[in-house]
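Taken straight from Swiss-Prot:
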REGION    1-72  region 'Disordered'
COMPBIAS  25-39  compositional bias 'Low complexity'
COMPBIAS  40-62  compositional bias 'Basic and acidic residues'
BINDING   Trp96, Val97, Trp142, Glu143, Arg193, Lys194, Asn195, Gly196, Asp197, Lys198, Arg239, Ser240, Ser241  mRNA binding site
Amino acid sequence: MTTNKDVECLVEPTSNISITEENKNVTSETTTTTNNTQNKETETTDNINKEETADKENKEEQQQEENPENLIKHPLQNRWSLWYDYQSGKINPEHWVDSLKKVISFDSVEDFWCVFNNLPNVSNLKQGSSYHLFKDDIEPKWEHESNKRGGKWFVMVKDKSRCDNQWLQSVMACVGETFDSSDEICGIVYNSRKNGDKISVWTKTAQDEKATRDVGNCLKKILEIDQTIQYTPHEDFIRSSKGSKNLYEC
């Protein structure tokens, strides 16, 4: 390989050329060194900025976690439990509870939304399926102590495109205690059936006509319907599997 010294020997009469070559090499090395230094400085600055951003985000997250307001949940007046059942064929009144399963319970606004934001919509329920949302100490059974002297308002779902919103609105009215005579409310049920879906609100005291009618009228407002709805007592179902007569209408 030809070195700078070799160049000097070969071109002694015109030594200025060798000086120029050396200057070029020095300039090139200086430029390369300068660029490397600038790149390192830029890389260092970027790393510092990233670390500062990460530290800031970590501090903000820590402050949010330490903020007591972020840890406070808004309690509901009652604790509620969600149940599910599926009937593959004709419902046998004596054995239908065998498929009834308790899914989850909640007692705060935050937990309510956590449950319902992850719950399949009623419009997607398989035919034969039902959701039951009841106060935690009440099982969704006719013969339960809180239900056996009561009954239910039931509404046939005529517009399937509205069923998800109607179900959600009626559920929120239950857990939010916005029904008139809300103390009478035991729970609410959504049935997906071949012959038509149905929303039912269960109450405690069938013979309390005023309180029962208050619930029925409020349900119609919540669902935004003008159709006539019926109320049937559980007592008739308990006595006979043939069903019961409507006690009230509104």
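Just so it is clear, glycine is given a Cβ too, placed from its N, Cα and C backbone atoms.
All features noted in Swiss-Prot, drawn onto the structure.
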residue	record	Cβ neighbours (10 Å)
Trp142	mRNA binding site	19
Arg193	mRNA binding site	16
Asn195	mRNA binding site	7
Asp197	mRNA binding site	22
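In the three-state DSSP scheme, Asn195 (mRNA binding site) is classed as coil. For the recorded site, Trp142 (mRNA binding site), the DSSP three-state label reads coil.
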